[in-house]
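Have a look at the structure below, then the notes.
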Amino acid sequence: MTTTPRATTAATATATATATATQSAESQGRWLLVFVLSYLALMADGADVMMYGLTLTRIKDDFGLSNVQAGALGSLTLVGMATGGILGGWLSDRVGRVRVVVWALTLFSLGAGLLGLTHSFVQFAIVRFIGSLGIGCMVLVTTLVAEYVPTERRSLILGALQTAISAGYIVVIALSSWILPHYGWRTLYYVSAVPVVFALAIKFAVPEPASWRASRAVDRNSQNESGTHGQSGARLRDGRYAVIFRTRQTRTLFILWTLASVFILSGFYGLNNWLPTYLEKELHIKFSSLTGYMIGTYVVAFIGKIFAGWLGDRWSRRGVYVLGCAGAALFLPVIIFWHTRENIAALMLFFGFLYGVPLGTIGTFMSESFATSIRGTAVGGSYNVGRFCAGAAPIVIGYLATQFSIGFGFLVVGAVFFLSGVTALFIPDRLYDTERPSTP
């Protein structure tokens with residue numbers, strides 16, 4: 001029997017309406033569980049990213065690495081994260097957000113544990129690259145939660161979710177202060193395999209969001225429709241990237257978010273990779289005190305992210321993001337040029353707050369820029385193309401550290417934070433409600 005276009009369109013509308021009702025019920029009863037498990041997953045992600053910076057000095061000594069080689073390891077990690085994130089975003093639109101997150105969390109947890117068994121630059125680089133493929137997919141945790149959380153509290157909840165990364169930093173900094181002096185850097189990496197248990201919990205406790213399930217139903221109906229009269233199914237059949245670049249608005253948003261991601265992530269990873277070394281080598285802070293400075297900075301970043309989420313719900317996702325980028329950019333030179341032994345703690349705390357603000361709102365801002373049917377591909381693609389380009393940041397700062405100083409490299413970090421804010425000025429606010437299925 002031939003399916004008529006009208007019948008197919010009606011089926012699509014029915015799927016969308018059913019999903020909206022289902023999503024409302026699921027949001028009331030399940031979003032908190034999704035949030036908690038996603039929070040734990042992002043904590044593991046944050047801990048893994050920070051761990052390299054904390055162990056960098058010891059790895060350099062063990063393997064006899066130069067500053068450029070040390071930066072290259074950080075850059076290789078970002079290239080792997082970008083590759084995994086682009087692939088993961090594409091897969092999440094096809095096989096599901098939950099399934100990809102589970103695969104990713106398992107891969108990077110086990111990969112991190114295996115780093116403790118490496119004994120050379122090449123071995124470490126290979127294992128780190130493979131594990132970083134999973135880390136790159138963790139941006140999809142934000143998409144997953146965004147598709148569960150009610151609209152009126154989305155920015156606050158996603159801002160709170162972003163604090164998981166800071167919480168991961170704090171946990172691994174605290175662990176490193178005990179493990180590194182007594183057991184060495186390898187043991188710290190062995191411990192980092194533990195979060196694989198979070199992957200099991202997510203697999204069995206979290207279903208795919210109703211909006212994603214509805215979007216898949218719409219895709220199937222549209223593809224059936226394209227066989228008789230429509231273009232929408234043909235567009236989807238061509239592929240998500242074809243849809244993204246065929247539509248002017250979506251193409252422009254993808255390019256703008258890629259640029260914004262290049263800048264914010266260059267600053268983020270450049271800073272995270274080199275901040276512990278900067279405090280220890282250039283500010284001459286003893287390692288016993290270093291952990292206190294780092295924990296304080298990220299605790300305040302934690303507060304900054306929650307504040308950003310709260311303000312984003314009441315004012316503007318874009319406005320909060322832009323002001324946060326500008327604030328972090330303008331305050332870095334204050335730390336570099338005007339720090340003293342007496343004021344460095346206060347300066348680091350204030351910077352931590354500013355640093356947390358754009359990171360607290362980027363998840364909501366970006367997720368609401370794209371329709372459900374292409375969200376995973378668009379968010380994963382733009383964010384991780386940005387991450388791929390940002391892979392140059394740690395090695396560039398390593399080069400600048402050799403030629404000038406790490407502090408000079410951090411001036412470049414301030415510049416790229418500012419450029420991310422300028423780029424975001426051209427991105428509209430709140431284009432799509434992520435709780436409801438949508439197409440571009």
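Glycine residues also receive a Cβ, built from the backbone N, Cα and C atoms like all the rest.
Whatever TrEMBL says is automated annotation, not expert-curated.
Keep in mind that what you see is a predicted model, and the values were worked out from it rather than measured.
Taken verbatim from TrEMBL:
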type: TRANSMEM; residues: 31-52; note: transmembrane segment
type: DOMAIN; residues: 34-432; note: domain 'Major facilitator superfamily (MFS) profile'
type: TRANSMEM; residues: 72-91; note: transmembrane segment
type: TRANSMEM; residues: 100-119; note: transmembrane segment
type: TRANSMEM; residues: 125-149; note: transmembrane segment
type: TRANSMEM; residues: 156-181; note: transmembrane segment
type: TRANSMEM; residues: 187-206; note: transmembrane segment
type: TRANSMEM; residues: 253-271; note: transmembrane segment
type: TRANSMEM; residues: 291-312; note: transmembrane segment
type: TRANSMEM; residues: 319-338; note: transmembrane segment
type: TRANSMEM; residues: 344-366; note: transmembrane segment
type: TRANSMEM; residues: 378-400; note: transmembrane segment
type: TRANSMEM; residues: 406-427; note: transmembrane segment
Under 8 Å for C-beta pairs, could you tell me which stretch among 100-119, 291-312, 406-427 has the largest tally with the transmembrane segment (156-181)?
291-312
The transmembrane segment (125-149) in contact with the transmembrane segment (406-427), cutoff 8 A, at least 3 CB pairs, sep 6+:
no
For the domain 'Major facilitator superfamily (MFS) profile' (34-432), report the average pLDDT of the model, please.
88
